[in-house]
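To start, the structure itself, in structure tokens.
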Amino acid sequence: MNIQSTIKAVAETISTGPIPGSRKVYQAGELFPELRVPFREVAVHPSANEPPVTIYDPSGPYSDPAIQIDIEKGLPRTREALVVARGDVEEVADPRQVKPEDNGFAQGKHLAPEFPDTGRKIYRAKPGKLVTQLEYARAGIITAEMEYVAIRENLRREQDRPCVRDGEDFGASIPDFVTPEFVRQEIARGRAIIPANINHGELEPMAIGRNFLVKINANIGNSAVLSTVADEVDKLVWATRWGADTVMDLSTGRNIHNIRDWIIRNSSVPIGTVPIYQALEKVNGVAEDLNWEVFRDTLIEQCEQGVDYFTIHAGVRLPFIPMTAKRVTGIVSRGGSIMAKWCLAHHKENFLYERFDEICEIMRAYDVSFSLGDGLRPGSTADANDEAQFSELRTLGELTKVAWKHGVQVMIEGPGHVAMHKIKANMDEQLKHCHEAPFYTLGPLTTDIAPGYDHITSAIGAAMIGWFGTAMLCYVTPKEHLGLPDRDDVKTGVITYKLAAHAADLAKGHPGAAMWDDAISRARFEFRWEDQFNLGLDPETARKFHDETLPKEAHKTAHFCSMCGPKFCSMKISQEVRDFAAGKAPNSAELGMAEMSEKFREQGSEIYLKTE
């Protein structure tokens, strides 16, 4: 594989520049004036006499036309200076060197190119120093990352601006306005996390927590049979362009290390991984050959690269495995099945559970967050809410306290496949046993009958559990259960889950959520077609669907669409009724009613009139 051809392939496929109808804007910090917090701004037609609409924007520098993108150099490491300025980190004098097993022993033309060495420094905590966002928060310190998050969450709303709180939040504590101090308090209590490895200098900080906007994650990554560096970097940029707040690299084939390096260096969103996948590649795919030393080495490798959160299946304990024997679909988590196989082969307790304190100490030195994996999640609605699932969940609650003791941030992973009437119980159990640590769920899928449409079956459950309190939703694409998603599948999954997350925010009564809906509703009623397109989650698709039947520019000002036509448009008729009422005398309605009443009496006061 030629490195220059690979770079060229990536550069030609990624999308840059703003989303149609939008522009990139920034807001500076007050505590940290050097901060530039990004937003997507959509200006509406002057006839609306309305201010622009501000939308949360995780797309990074790629949507800013003023920034020159060079994939080979990676994104600017603007956060690095903030991390170093705190004085709590030191450069690693002897960073870990890349080994053949890190890339699955790939050689020659099968070895993906390394990310070019650009002089990046690798850091870890100084002995005895605070370095995690949780430790800073507990010490009463507001970090630059915390102010950054507060600004992002407010969507440029002013603190004294009145807001409408129309929703049911099920006991959450969502404020009218997010302050840096509120962010600090939520982090200190463990109710939110800011996944932000000190070695991810390219990161634009974000928060995951019940009292913040619901976030979504997109999964990418190669497999043993498909995908390249170019494919995965392109998917990363594409996913964040359409709204992915974090991205997980779930690569399982060769070249895991090199592909991950390209992804992190070009990512402004937090990157998560499942380290056991790479550890398994290092032992040639034989689960029984896994051991603590290989896993520990993999953790350090990924910490130094800049991975922001790890999914670790430490809750798959030996006593729980027999509980899955009578399930319809058994153990469906890849990480869970790997650890279950190891436990049974050795008839020993899960070494991730037994070595959990040591794992915490490694992660603490780099501020890598836990995403405690649900290795026993249900893979079918028939298996939902069983004893295996909830036994693991209770264990994750115990491990949460251990991680917090070490100063490490934690979120909890959840199911899976759960019918609608069982979803609320999942949220209730998680809050009860996991001490309000953020919940991060895969859907859940609410039915098993729709291969090819599981982005829809899961978005139903995602919207519900997001409303109940889940902090982040892991997307599902149309290819779920069928194959590796391509570029189009990634976009479909992201858009579907942004919709579910926003629906949850709206239902919870998030103070800024309804502003977006109201803006597009007014545009729809006033037939401002361009505003309707531009304010949507996917302006390109909205415009395409409209133009398939009404393609002319004149149709962009028409007071109808192709569904109802000019005579039957309900909104056009409503406008005519409104205009008629506005043009009549104040008592015209009463006079009209009196006229009809007199006519009724003249006809004999009969409800039904006889025909001639």
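Cβ atoms are placed via backbone N, Cα and C, with glycine included.
Noted in Swiss-Prot for the protein shown:
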- N219, M248, Y277, H313, S333, R334, G335, D374, G375, L376, R377, E413, Y440: substrate binding site (BINDING)
- H417, H481: Zn(2+) binding site (BINDING)
- C561, C564, C569: [4Fe-4S] cluster binding site (BINDING)
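G335 (substrate binding site) carries a helical DSSP state (H, G or I). Compared over the binding-site residues Y277, Y440, the count of CB atoms lying within 10 A of a residue's CB peaks at Y440. Annotation for the binding-site residues G335, G375: lowest Cβ count within 10 Å of the residue's own Cβ, G335.
Under DSSP, H481 (Zn(2+) binding site) is assigned to coil, being neither helix nor strand in the three-state scheme. In this structure the C-alpha atoms belonging to H417 (Zn(2+) binding site) and R377 (substrate binding site) are separated by 8 Å. For H417 (Zn(2+) binding site), other Cβ atoms within 10 Å of its Cβ number 27.
For the recorded site, R377 (substrate binding site), the DSSP three-state label reads coil. With N219, M248, Y277, H313, S333, R334, G335, D374, G375, L376, R377, E413, Y440 listed as the residues that bind substrate, the site has a largest C-alpha separation of 20 Å.
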